[in-house]
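I have placed the structure first, in the form of structure tokens, so that the comments after it can refer back to it.
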Amino acid sequence: MELTLWTYEGPPHVGAMRIASSMKDIHYVLHAPQGDTYADLLFTMIERRGQRPPVTYTTFQARDLGGDTAELVKKNIKEAVERFKPKTLLVGESCTAELIQDQPGALAKGMGFDMPIVNLELPAYSKKENWGASETFYQLTRTLLKEKVSSSEKISPLRWKELGRRPKVNILGPSLLGFRCRDDVIEIQRILSEQGIDTNVVAPLGASPDDIERLIDAEINICLYPEIAEASCEWLKRNFGMEYTNTIPIGIKNTIEFINEVHNKLNLPLTNKEELENKSKLPWYSKSVDSNYLTGKRVFIFGDGTHAIAAAKIAKEELGFEVVGLGTYSREMARQVRATAKDLNLEALITNNYLEVEDAMKKAAPELVLGTQMERHSAKRLGIPCSVISTPMHVQDVPARYSPQMGWEGANVIFDDWVHPLMMGLEEHLIDMFKHDFEFVDGHQSHLGHTATNTKDILNSDEKKENNPKEGIIWTESGRAELTKVPFFVRGKVKTNTEKYAILRGIPEINDETLYDAKAYFS
Amino acid sequence: MSKVEFNKETGPREVFCGLTSIVWLHRRMPDAFFLVVGSRTCAHLIQSAAGVMIFAEPRFGTAILEEKDLAGLADAHEELDRVVNDLIARRPEIKTLFLVGSCPSEVIKLDLATVAEKLNKRFLGQVRFVNYSGSGIETTFTQGEDGALKALIPLMESSNEEKLLLVGTLANNVEDRFKKIFKNLGISNIESFPPRQSTELPKIGKNTKVLLTQPYLSDTVRDLKHRGCEIISAPFPLGIEGSTEWFLAAAKAFKINELKVHEIISPLIDRAKLALESHKEILKGKRLFLLPESQLEISLARFLHNECEMDLIEVGTPYLNKDLMKEEINLLPDNTKIVEGQHVEKQLDRVRESNPDLVVCGMGLANPLEAEGISTKWSIEMVFSPIHGIDQAADLAGLFSKPLRRNQILTTKTLVTH
């Protein structure tokens, strides 16, 4: 039993709903009690979709349990097929139905329909949402393409040359409730098209079962979100020889690497190499003098595997931040995240307990958090600015404007989204220069609404927690007075550092001089 | 009884389960914690229904059942013990811990009553444990509150003191208004159930006169009756009419002269009628379709027809207790079509056929209906907003006039652009 207050991922059948809802001409009959219909609001409220997810719930009740729930399943399947006339039917169960073992998929297959039926077995008590989405997409691909496996020759990435046409690729992995997927697809398609590469199919987002059957018309697959598409890409590689890409085009360097990888795989010469760096404003904005203030800013990163890894690279190499924490809730991607963390001399935090993340965040004392909605909450409580880079989805993460994370425009979005929660360089310089002016007394702060940043709060909050300050250390009048002169946005850090210094040196009382000694020591 | 048409419907539903009521119960009783014993789905549901992460550390959580918990029930009990220990160590301020059953825990027959009993012995004097089921195979949405309150009744001490007990979760400001008005009427001993602190449960007995504030408390009412309480039969205090009848029923039970009631509440009524006018202008003649969710539908239909002059197409309710709703049904217009239960697809077919001006529905259906050009109002807003009482009648009407007003603004071409 695992105690959760908030959870990063839903159950696996919600993952299946993400695939079904992303696609056309598909219907999902879900053996589930009425309460499970809440999942509809993820799509209709959070993603503001104007359509209901294509899901029929069997809505079994306690009184049905004594009777024949299997009959109820069949009745619902029949009604759903008649009403929605899908080209492919998904059949599965939620956690409660799994316990009563009606095997709805097998029942559906015995009903004599002439459409492909995908029987989804998603173990609700051991797996989670992203796994469920991945498995559903994989089972669907497999079901719709398995008859073509034996008849088909292995697909060469160079086939486009023989056929005398532009190379074609599939973009796999984008789905509803994925972070900014809708816009990423547009951006990636645009980039590929500029390079003379056509998109054959985008799936699951916007695809129909017919499109899945057409996947093998492309030369290679772009595995855009490995959480969802890797299993399918691997199956397509094994059975049709289709190569797939590994680089996720988030950030300038990754985007360039991605373009190179695609070209290499297709044996397509890169014609406009030198232009690439100028496609996005990020490199110049990052180099511009105002961005000096970004240097060494301490940043804590937590999210899904794909976005967390990309964020670490961008933070360090493209914005000049120092990454002081990196983690993910995607256990499936733990290995890659650990490797990235190791490169940064960090130990990756792999957990789905948001309280552990909050603790790690507190310990790392970052100046910026890049996380999920939960880290946004924790950061708010700790008075640290935060930008959201990953699911789980919040209605705020589905903006009206075009705001991809991937490609050139994605890099622009990332620069703005990550940097704006911080005080801008000019602003920070001015505050530093004019910090003794009356306008910068406590209470006059930036628009960010920092909490617990004035001296009294900082000192008091510790006193409340620990009864006395750290290990009996006392702040004298002069020490406190000097601390108030430190700009509020670094005051917490200065305080911790000074206390650390005092403990190190066995100084029982911190006065103004101790503060400067500590400053010199740590600088 | 008026010539009301009763129908029953079964099929796929689109309704929140009883777990969702935790979202308002935990706000009512800040010293209580609600621990759902369920699946990842349950955790995800509450998180999604609670406005997706609006609280940094909520007073509810889920003990998520894992594969190994399903294998042996004895282990599940031990595991639950461990989780509870952790929780109480982390949150020592908790006074009452509700163990909330879910669909999976009901199906595997996890005996939460026995667990609660054991924990009560262990944490005697520190934390009280109660259990109820909010499972979606047994309860819908607001019925969760019924379960939670019913579970508290055995903890309520007996007293023969004469008192008025308001039953059902109210917004604090509404509760304060009610108490003030009752005091003006001459009823001074008033208590609320649930109370604002879970440990301050009212004492009850044969001189307790129960006035319901919410229509979804069938089981609670039955148990209060068993404890000797007298249930005052009345419509529910939504709108001017319902609230007036409600005050009058209470006054009658306390043998207070009806004239005095009118004397005290008529200024309130005049004021409320005035405030209602602007909303009525928008709502009048508009056609309303209520989909089942909160069990407040019948009272809302009565208010929106009788006081706001809306036309009722269909009044859905997930569950109908004809006895509790008797007074409400009497006030409905002739030929009102009430549908208990749901077949969501067939019901939506009827919505489209009847082309209503406004649909009251759950959150999963709202945007799809809006996309079809049908204005909607979310049911869940009724359980979160202060809508009870005469003073709130205009606010209640406002919840329904706003979507219509909004669509009017957005579809009217007022800007001359040429």
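Heads up, the Cβ atoms here are built off N, Cα and C, so glycines get one too.
Unlike curated entries, TrEMBL annotations are predicted automatically.
What you see is a predicted model, and the numbers here were worked out from it, not measured in a lab.
Taken from TrEMBL, the feature [4Fe-4S] cluster binding site covers B:C17, B:C42, B:C103. Cβ-based neighbour count (10 Å, all protein chains) for B:C42 ([4Fe-4S] cluster binding site) stands at 33. In the three-state DSSP assignment, the secondary structure recorded for B:C42 ([4Fe-4S] cluster binding site) is helix.
Taken together, the residues in the domain 'Nitrogenase/oxidoreductase component 1' (B:23-393) have a mean pLDDT of 94 on the 0 to 100 scale. The domain 'Nitrogenase/oxidoreductase component 1' feature in TrEMBL is assigned to B:23-393.
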Binding-site residues compared (B:C17, B:C103) - the one with the fewest other Cβ atoms within 10 Å: B:C17
Local backbone state of B:C17 ([4Fe-4S] cluster binding site), from DSSP in three classes: strand
